[in-house]
Amino acid sequence: MPDQLEHLPRLTHLLPCREAQIKTLLLLLGEPEHYSYPSIFIYGHRASGKSHVTLTLLKELKMPHVVVNCVECVSLGLLFEHVLLSLFGSSHTSLPRGPSLSDFVRLYRQLCSEDPAKQTRYIVLDHAELLRDMSANLLPGFLRLQELVEDNVTVIFLSEIVWDKFRPNTGCFEPLLLHFPDYSKVELQQILAQDSCPSYSPELYSSYISILLGVFYSVCRDLRELRHLAALNFPKFCEPLEKGEAKESDAHKLWRNIEPHLKKAMQTVYLREVSSVQWEEQQQKEEKEVGELRGLSAYTHVELPYYSKFLLIAAYLASYNPARTDRRFFLKNHGRIKKTNFLKKHEKTSNHLLGPKPFPLDRLLAIFYSVVDSRVAPTASIFSQISSLVTLQLLTQVGHDDQLDSPKYKCAVSLGFVRAIASDDLHQHALRWTADHRTLHLRHHPVGSHPTSCCLWVRCGPRAAVWEPVCVQRRGIPRQPPALDQPQLCVDCAPAWHWLR
Amino acid sequence: KIHDFHNLQINQFYLSHKCVHCSSASGHFVFFIIYATRSLIIQIHQFILQEDLNKKMLDGLLEFVKKSAASFWCRDDDWMSRMRASEIPTAALVLGVNMPDHTITFESMTELLHDSLTPFVASVQAKECTAMKQLMQKVLQRLMGTNVMVDEDECHLCMSVCVCHLQKSPVKSPRKRLSSSQSEFLQSPPVVVIFRDLEAFSPQVLQDFILVCSQYVHQLPLVFIFGIATSPSTIQRMLPHSVSSLLCIELFQSLSCTQHLATIIDKLFLTSKFHFKFSAKVLQVLVGIFLYHDFSVCNFIKGLQLSLLEHFHSQPLSVLCCHKQEALVHAQQLNDRDGCVMKSQTSLLHHPQGVCQKLLKSLHKYHKNFYPALRCLHVLTSILPKYPLGKQIRELYVLCLEKKVWETQEYDSAMQLIRMLAKDELVTCLQKCVEILTFCKSKKLKKVGEGSAENRPVPPSEGNTLEVDHHALLLHPFCVPAKYTLYASTIKCINHLHHPYSSFNYSFQTLLEMKECRRTRRKTPYEILRNAVVDYIDNLVKTHLYPPESQPLYEVWYYSSSGTVRRHLNATPRTSIQTALSHPYCYLQNEALKNDSGIISSAAPDICIIYKLHLECGRLINLYDWLEAYATVATAAEGKDPSAIEGGKVDELKHARFIRAVSELEFLGFVKSTKQKTDHVARLTWGGC
């Protein structure tokens with residue numbers, strides 16, 4: 001048994017449920033005087049204890065180390081200076097302006113020769129995925145820093161992304177990979193139950209935590225977030241106890257009291273629809289006093305000037321109608337078009353499933369003039385309204401080759417938004433020219449009865465970097481209000497949807 | 001203030017260049033002085049308005065910043081606060097899409113925060129922070145003050161530097177003296193970062209910045225303020241859950257733009273204190289620009305200032321547009337110096353010379369009576385179904401400016417509807433009217449208001465009827481049981497009548513018929529009174545709501561050139577370029593170019609010929625065909641036979657002229673070269689559609 005494992009029991013006590021990882025790390029770090037492996041790559045989801053375990057380990061074992069948060073390093077110089085300052089003290093750092101990796105290595109060697117390492121030095125790079133965007137040689141350089149500076153130094157990378165996404169195509173030194181898996185439900189229960197409230201018994205708090213996990217575990221596995229939610233809702237849980245309506249042993253009564261409350265919390269405060277301060281204030285008041293607190297996404301109405309509304313509607317029509325159909329919709333004498341083959345085969349797919357298409361400025365204005373009932377002069381303010389719609393991100397400008405002569409735009413708002421804008425009866429008639437009537441029918445199905453109604457943009461797991469379509473009925477809750485006009489199909493529903501069509 | 005001074009200089013420049021035709025130097029000077037004061041008054045008004053309009057929101061915001069700073073410093077070490085994740089308090093200000101106004105709002109907000117709470121306020125705009133580095137640089141620069149160099153060395157662009165600096169630096173006492181209750185903020189002011197236009201920020205930059213700041217949330221009392229133009233759901237669109245969970249967002253909403261406009265019109269136009277007025281058309285142009293184009297109060301005020309300049313510049317009588325006493329003095333001078341100016345005015349045709357002062361007085365009096373009467377009428381008509389005279393007071397105002405309002409059909413229908421109002425509605429309206437009349441400046445109308453308010457008998461005057469009516473209405477023994485049934489039946493009848501209004505398809509004809517039937521019946525005392533009241537109101541309108549054109553010397557106060565305002569504020573660059581190209585005569589004043597037919601005149605400049613020719617083409621234009629067509633026209637201009645250029649030979653000089661004209665057209669954005677065909681150019685204006 002190596003001596004470095006002598007710390008294991010103490011550390012396991014400090015860091016529960018991470019015994020295997022601590023053991024591996026301790027073995028990897030080895031004796032302080034020995035050279036350690038040049039680079040270690042630790043990955044795992046948010047709040048799975050990567051940085052906490054690493055830092056506690058380094059601190060407890062009193063190893064010389066420096067922690068750099070890569071988000072904060074807006075330039076390379078900042079990163080290098082931070083490392084040198086913490087490892088060698090502030091006295092003699094003279095990095096040139098706009099330093100490169102070789103400057104850093106040169107200076108490191110120079111400083112290191114004055115102050116050679118007695119123990120392994122550790123450089124911990126948090127949010128290491130940002131290193132990829134900095135200089136191309138930075139990541140490979142840090143991976144074999146030990147070799148470059150000829151010093152006893154180990155670089156530890158912490159990231160939420162797997163190593164495969166890091167590997168540069170020119171090849172590099174492969175670090176040791178160490179994965180921190182998510183905490184299981186039992187582990188979460190064990191960790192959360194540790195910090196019980198001093199005024200109540202630990203058993204009570206533990207039972208509270210199990211209720212909390214019962215509600216939230218399906219949506220959120222983030223330890224920090226869970227702890228935050230536990231703290232926010234605990235006073236409500238204790239309310240019957242303080243009023244004397246229930247005893248600590250009345251588990252069922254307490255559960256009945258808190259469960260609907262937690263469900264409400266899941267839809268509001270967890271999604272940050274309602275801020276935690278507002279949530280607490282609401283709890284303190286009596287239920288009758290407060291009206292329903294409106295979440296952030298409840299305020300979707302945007303007041304726009306008269307012509308801006310028409311411009312936005314025109315942009316929507318231009319984005320979602322095929323350009324071929326313009327003549328038919330907006331011209332009085334459009335000639336005869338055969339009804340049977342009016343839409344080509346590829347156009348029969350709902351445009352709302354395909355997303356907005358770019359259109360040139362001319363087309364936008366042509367549709368705008370035919371949609372507005374009165375005669376509008378092409379004034380400067382009409383054009384400036386288009387650009388201000390772009391600033392407001394209701395339209396997006398696409399393409400970069402010919403911005404001056406023929407700019408192209410895309411409509412960035414949904415049918416629901418445009419409908420809300422057109423709800424003013426003056427604008428209502430403008431929207432009747434949508435080629436895509438299927439989508440309109442879709443909207444009449446009540447939520448829940450149609451296969452697509454359960455398919456919404458939902459964040460898949462708390463840590464995912466991209467939006468993924470997930471069926472709400474199966475996992476989690478919608479983060480945004482149902483956007484039925486843009487259904488995103490999940491694996492389960494897609495076949496049903498296609499069959500229906 | 002420097003800003004005002006700067007404006008003054010510009011005005012002086014404007015006047016000195018444009019008013020050269022002013023008869024004498026002294027006249028010029030007088031114009032300028034009056035104009036300058038007027039301009040200042042507008043600015044002051046506007047400032048007051050702005051403060052008022054956003055006061056509620058700003059107060060809420062200030063309270064929020066105070067509270068979050070207090071909670072930071074008084075963070076007690078109990079279980080709850082240890083357990084809670086520490087979030088950055090964030091205020092989301094929803095300001096509406098009127099982006100030009102946001103600058104003023106944010107300026108006043110920054111100043112307010114700076115004066116009353118904290119010296120550490122950094123306000124950033126999206127365009128100056130395209131990357132994380134710039135954002136960091138700007139924020140740190142503004143937090144630490146300009147005396148601390150954030151050098152290009154980049155080595156100090158780190159929040160920790162800022163923490164050190166802010167903790168070390170002795171806090172400069174805020175400019176205003178603080179009361180003792182607020183003194184704790186002197187030791188520990190919050191650090192406020194304002195993002196002026198959240199939508200325009202790159203989401204990545206914002207996310208990174210929030211992540212960095214969340215690392216320091218224990219050491220710095222950070223507060224964020226997001227300026228949002230569209231809707232608060234933008235935050236959720238821009239920030240993923242992992243980042244938005246670091247914020248504790250509270251929402252603040254400003255008033256809607258139309259409310260702003262209503263306040264401005266109410267405070268600047270519907271008052272006799274402010275002597276500069278718009279005619280109906282100019283007002284419509286300005287309100288139209290506001291409602292149809294930008295929702296911007298700033299631009300509205302700019303329009304007001306522009307028309308003020310134009311008014312003083314173009315209207316000689318505008319020298320009289322000032323306070324009554326000054327105006328009388330100026331009028332005396334005018335009479336002495338040049339009576340011809342006065343004579344030239346249309347409104348003075350039928351008045352003898354030298355009555356100017358008297359007319360001026362009557363003009364002032366007219367306005368003193370006009371606005372209270374207008375407000376009274378609006379109170380009564382704004383509760384009617386379908387708003388025959390407009391829902392907003394500005395609509396009624398425009399109507400009254402245009403013509404005699406009582407001659408319109410809408411007015412008649414409104415009066416008929418008023419004659420059917422129920423007692424409680426009518427009484428509340430009349431009470432409001434009494435309030436308006438009591439507070440108005442006109443002595444005549446005031447008497448009416450006071451009399452009825454204080455239950456004092458009034459000497460027989462014009463207002464007597466209303467007084468009596470009002471008393472009768474308020475104090476009439478309707479509650480006497482015997483008459484109660486009568487009253488009740490009236491109410492019932494009225495209720496019955498009211499019902500069809502609210503339904504969507506009521507016809508006015510049926511209403512009238514019902515009224516006719518009722519007339520045959522004996523009238524209840526309430527009905528008699530109501531008729532008397534309506535007659536009185538009608539009388540009030542007919543005496544006081546004359547359109548201003550009917551008043552002599554109305555040109556002194558009213559600016560009526562709507563075309564100028566429209567040209568200046570709502571410019572049409574495309575149309576002017578197209579006019580210049582298709583009708584060069586408008587700009588060149590050359591008789592040879594004067595023709596109305598669509599024929600391409602060969603005397604026109606090359607670019608005009610080229611432009612006319614290109615209008616006949618489709619999306620792609622063959623350059624060679626174009627050149628040949630041009631050569632034909634140009635040869636005809638020289639008087640030669642166009643058929644002489646046959647054989648594909650074009651004069652080199654003409655070729656060069658053609659190329660130059662085409663490149664000019666390209667510069668103006670009508671054509672561009674295309675990669676599809678090398679010898680073709682693409683049309684950019686409607687060519688494809």
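Using the three backbone atoms N, Cα and C, a Cβ is placed for every residue, glycine included.
Residues or ranges marked as domain 'Orc1-like AAA ATPase' by TrEMBL: A:15-156.
Across the range of the domain 'ORC5 lid' (A:205-272), the DSSP-based residue counts are 50 helix, 0 strand, 18 coil. The domain 'ORC5 lid' feature in TrEMBL is assigned to A:205-272.
For the domain 'Origin recognition complex subunit 5 C-terminal' (A:304-423), the number of residues in each DSSP class (helix H, G, I; strand E, B; coil) is 62 helix, 10 strand, 48 coil. According to TrEMBL, the domain 'Origin recognition complex subunit 5 C-terminal' annotation covers A:304-423.
Using DSSP to sort the residues of the domain 'Orc1-like AAA ATPase' (A:15-156) gives these counts of helix, strand and coil: 66 helix, 21 strand, 55 coil. Across the domain 'Orc1-like AAA ATPase' (A:15-156), the model assigns an average pLDDT of 88.
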